[in-house]
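S.K.: This is the structure I want to talk about, given as structure tokens.
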Amino acid sequence: MKLKFNLIVGLALSFGAVKAQKVNVKKAFASAAKQTDVLIKNVDSARAIKPTLVSPRTVENGQFKMVVSRDWTSGFFPAELWYFYAFTKDKRWLDLAKKYTEDIKKEQFNKGTHDLGFMIYCPFGNGYKVTKDPEYKSVIIQAAKSLSTRFNAKAGVIKSWDHNGDKWKYPVIIDNMMNLELLFEATKFTGDSSFYKIAVSHADVTLKNHYRPDFSSWHVIDYDTVSGNVRNKLTAQGYSNESAWARGQAWGLYGYTLCYRYTKNNAYLAQADHIANYILSSKITPADGIPYWDYNDPQIPNVSRDASAAAITASALYELAKYSKESKKYKAAADKILASLSSKYVSKPGANYGFILEHSTGHRPAKSEIDVPINYADYYYLEALLRSKGIKI
Ligand code: GLY
């Protein structure tokens with residue numbers, strides 16, 4: 001799975017300025033569906049041995065890795081199945097999506113994580129859009145209630161992690177912006193504005209504290225919940241405290257774009273534009289548009305890329321293109337990323353246990369999931385493909 005590309009580092013032109021190409025979405029979806037059939041077979045075999053392992057996460061050292069429902073990535077696999085149904089309208093995908101979504105349901109009551117947006121909103125939100133099943137709606141509302149218990153009014157943000165209390169007191173990671181969609185939807189469903197207010201507070205405080213003057217973001221901000229002040233600015237998954245971890249930049253871009261969708265607050269649109277500009281004007285990212293795992297790793301170009309960051313970015317750019325003055329530029333950049341992912345980053349048919357993309361980086365500092373296939377890369381890739389065609393689910 002080693003990358004063998006002619007890297008063009010330090011280009012005079014950033015990749016965002018390079019001519020757009022168009023992906024054949026029908027073909028890309030058909031290949032992805034074939035891969036996912038292989039994945040489902042592997043999932044079912046693994047579940048037959050250990051039924052508590054519900055979703056596929058990655059392949060590491062040749063080993064297929066499944067996770068329990070409380071893993072932060074458990075919702076991506078069922079959520080992908082809803083995307084296959086949205087694209088094909090084939091009832092087989094509908095039945096599969098319903099079946100695997102069911103396994104994540106109990107996490108609606110999980111108050112020990114901030115990741116409920118990923119775990120619950122991705123599968124149940126997609127499922128609700130398709131089926132209008134009132135049970136899916138109630139799962140989303142309960143998950144929003146669980147997530148809201150992690151909000152601290154003094155700091156104005158939702159706590160991300162309960163672990164590593166020796167490193168931080170009240171850590172908030174940029175990834176947490178992704179969970180706000182769950183809260184905005186819960187207000188739409190219930191009319192209870194408390195979810196909306198928590199989401200807006202989190203987005204405002206994050207905008208103030210998480211971004212540097214160049215609009216790259218820190219990964220972790222640690223808050224003092226007595227004074228509400230910032231205690232520390234750190235990293236957990238990036239190269240260093242002062243570096244720009246690639247996936248974090250993508251989460252922030254997607255997060256402020258979705259905040260604009262729900263609020264129409266121009267400050268969020270401006271923030272998304274600034275983040276997009278940071279990503280697209282990088283002279284470090286190679287011409288294919290797939291970033292290295294961290295923009296500031298001094299070992300570049302001899303380090304892993306992160307296809308997941310690219311897939312998240314492409315999906316976000318298609319949405320941002322609907323709101324921003326830079327619409328043409330964003331669509332062209334997203335097309336370019338999709339063209340690269342669809343040609344050079346897809347697994348060979350049947351390989352990688354059925355995961356669609358390869359070359360993502362999960363947690364490099366922990367020496368974990370480096371240059372691997374990973375479920376969230378596949379999920380946002382499918383979402384970007386749908387968005388590239390304007391297909392709404
Ligand atoms: N939210 C964890 C990650 O992006 O790896």
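From the backbone N, Cα and C atoms, a Cβ is placed for every residue, glycine too.
OK, TrEMBL features for this one:
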- D115: active site, nucleophile (ACT_SITE)
- D115, D175, T235, R247, W251: substrate binding site (BINDING)
- D175: active site, proton donor (ACT_SITE)
S.K.: How far is it from the residue listed as 'active site, nucleophile' to T235 (substrate binding site), counting Cα to Cα, in Å?
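M.R.: Here the two Cα atoms are 18 Å apart.
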S.K.: Cβ-Cβ under 8 Å from T235 (substrate binding site), same chain, 6 or more residues apart: which ones?
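M.R.: Those within reach of T235 (substrate binding site), by Cβ under 8 Å and sequence separation of 6 or more, are W218, H219, V220, N241, S243, W245, P365.
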S.K.: Given that the record lists D115, D175, T235, R247, W251 as binding substrate, what is the largest C-alpha to C-alpha distance among them, in Å?
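M.R.: Roughly 18 Å, rounded to the nearest whole number.
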S.K.: Ten-angstrom check, please: count other Cβ atoms within 10 Å of the Cβ of R247 (substrate binding site), all chains counted.
M.R.: 27
S.K.: Under 8 Å Cβ-Cβ from W251 (substrate binding site), six or more apart in the same chain: what's there?
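M.R.: In sequence order, the residues whose Cβ lies under 8 Å from that of W251 (substrate binding site) (at least 6 apart) are I174, D175, M177, M178, I312.
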S.K.: Need the DSSP three-state call for T235 (substrate binding site) to compare against my parser.
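M.R.: Coil, per DSSP.
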